């Protein structure tokens, strides 16, 4: 049954910016869907607001729209493009919500919804419908009630009994959910949940805390053929911890064959009843003693778990789901890995896969590290091993958190009962301390089987000595359990190179096994490998010219999908140019770990030992470290010292930039100004520097990504507090103390250099003033307020510096501009590698910078690539950052030098105001709210807000302000004075709760985050009220509101903007 001939044009809805609960897995699924449908001759139209995705590259679909993912905007695209069908199931929760919204607006007349019907989405997402649907099937679900008020929640709990799990309907990653053990907790969680559900509904569920959790990925086609992909997955953590927060293993380890059969049958029964055509994820809870099970949830779309199942088996769920959505059947779709089996063969595996989440707690001081029913992790890693112990050890060192294996971590009994992100390490430490498996099981509800595996690792470590490792059998056993050389070195007091030498002397080297979807039953044609210490090696090494690309590992704040984007582009460019490309990475969510992006894929930890072993096996011409963010840059020097050729910019140049004193010498030689600074190894040093250059100063450790431990301090007291904290971050590296340039405009430049010529890819003006981390600030191309002569100076400095550093490939330089001072341009920092703005600049200008950079590294010249004149654009593109505050109770939404954003959205239009408005809408901030504007600013800003107040007044807003702010501008407009929270009721908090306020402008005073400002900002986050914490942001917001009121919002595809 070939594809449905009535479907010739499909609109694919993407998932928008990377956020907690919805990360790179949807770029992977959306990209696969685009490719898959085009293979079938279907015209594809894609809409997504995230510029850092591969799917928004112009060549991925016939037309790509980078527009806000709201039903109103997507309806305009449907009107313009007239697709035959809409595919929402590749866009995560966002895709489903947009599709539901479109249906409610009546915008889907004559357009089919494929993959999952609107009825199916509602049956699964609306809890009452879901429960009654499951009851019709005789499938058990936890007792639950859907409620629309706190009163109803209190009534429901009388029936169900405490503890209850509270979950808002139609949200993502458990946003707003929690476990309530008492009336007070229920009132607090239900209030928050009702605000966050876009249908104002929360579910009060009977608690199945402590039950085991299993997941099944099921595929179904229109012939009703169903298969289970990846047998099943088991969460090591029991119910009560969101599956996205759990350590997950596949195949399941503690499920009996009989129970597996029951859950399999139930999964197939459910997908058939729901009539889903494509992929679906089903989660079950199983009682550890009785084997009783409950259906917890069904996702009628591809998900985080389906990305994991795809990478764990090599079976491309999204690609196959897209073909099924247009009417093809499993038996007609070829398995790309074997090229001879159909997609209806269930994949099987003969290894163990472990997934561990990566959390952002290092970025947010003072917030709870507890994990539970609401997701907090930003990304994840996956590792493959022959045993669970090996797989676990490899996954831990893939996390890139400075741990080369299980490490001793302080714990209390309460920590074991109320898990945090440190859970695995605390369990390991308790076992090492002699606590019994039974006792730990009682506290954690983790199955004794898994505790025994961790105990095996702890026991083996206790037996290792310097002498015992000289026995090759013991060394081989250690390697087979997944111990890294560096871990063995720290356990025995030896150094890593001695362990390596000992290993090589005894010919103990890893071999590589293939991930082939069929446990070696058929021959695989797509080389996708993992390393282990087994006997037979399955890699066929070719004699082609090869390049190895080091990926960027798990998504975390400071190192997001942008770097994966650059790695994929490098692989594509070098493959096009005839090189064999080899990708090394360990992130199951991303496009770079797709089996058909590079010629060979190694799913391995990104450590020196693991990467060197692959290099020794493959013997590439060189290694690319420029694209994988700090993770791959950190490997440049050790790899070069091991004799590996680093392609592109010499690694020596990286040190010339990252070592501050050497960088200053470079700048002095070139005559490029930088802010006064000093280097300090103690508080006394730092105070002396601050006295010499004057407060405020920006303090930070050297060698750091995402501005970690970076702060602006205003006096000695704050400086001393910082030094106590930060010196611990990096003891061997001193602290930098820079003069903070207040009120400067920050500018980012991405450029290409081939060693002789420089091409300026894009100059971005930041909208937030200097002092907000460049990864968090909104920015705009082309610059809107910077005079031409200053732009020329910036270009000149960029050229000089790129040539001096002998850059081959990409360089990113950040400047601070003070137009009225002399000098007017200061350099802040330079990074001779891909930056997080590369995808945005590429989308804004239409020039694929990362691809070009890869070609330059292989010897091409800018002239040959046609890059002589930089590209002027007629439109305006704005990048806005997206923050995780809503997912992290207690986090302050103030922006500063430490990066806090997880992702980005882009707005593009003919004028700045509308482009900025689109960028805000894409970041879930609708500026066109009704309501008053509330303004409260710190003392040093009070004389700078006249124009803001005037503009708000001209736009017809009623303005509220606190007394001090109102006094400063009372002659400009009528201001309603409102009390601070600390001044008694009625106050600003009451006004916000009553829905009077539609926009909040609040600049933070000092560092007391417990102040009124913090409370207001936190309420804005939780209630979804647009807020800005900088004056520049406020000006941009008001200009955007004006532009939208005056003009019409139109949609255009990228190829229309780029005149193609």
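Glycine residues also receive a Cβ, built from the backbone N, Cα and C atoms like all the rest.
Binding of ATP 2 is annotated in Swiss-Prot for 700, 739, 741, 746, 771, 772, 773, 774, 814; the matching candidate from 684, 788, 829 at the same site is 829. Broken down by DSSP into helix, strand and coil, the region 'Allosteric domain' (927-1060) contains 63 helix, 21 strand, 50 coil. Taking only the Cα positions, the spacing between residue 829 (Mn(2+) 3 binding site) and residue 814 (ATP 2 binding site) is 5 angstrom. Here is what falls inside 10 Å of the CA of residue 831 (Mg(2+) 4 binding site) among the binding-site residues 283, 741, 771, 773, 814: 814.
In sequence order, 698, 712, 740, 742, 896, 897 are the residues near residue 771 (ATP 2 binding site), counting only same-chain partners six or more apart with C-beta under 8 A.
Among the binding-site residues 206, 241, 283, 700, 741, 773, the ones whose Cα is located within 10 Å of the Cα of residue 297 (Mn(2+) 1 binding site) are 283.
Using CA atoms as reference points, the binding-site residues 700, 741, 773 were checked against residue 213 (ATP 1 binding site), and the closest is 773. Of all the binding-site residues listed here (127, 206, 241, 283, 299), 241 has the Cα closest to the Cα of residue 773 (ATP 2 binding site). Each of the binding-site residues 206, 283, 814 was scored by the other Cβ atoms within 10 Å of its Cβ; the lowest score goes to 206. Sequence-distant contacts of residue 127 (ATP 1 binding site), defined as residues of its own chain at least six apart whose C-beta falls under 8 angstroms from its C-beta, comprise 144, 146, 169, 201, 203.
Each residue contributes its Cα atom, and for residue 206 (ATP 1 binding site) and residue 299 (Mg(2+) 2 binding site) these two points are 20 Å apart. Taking the binding-site residues 213, 829 in turn and counting surrounding C-beta atoms within 10 angstroms, the largest count is reached at 213.
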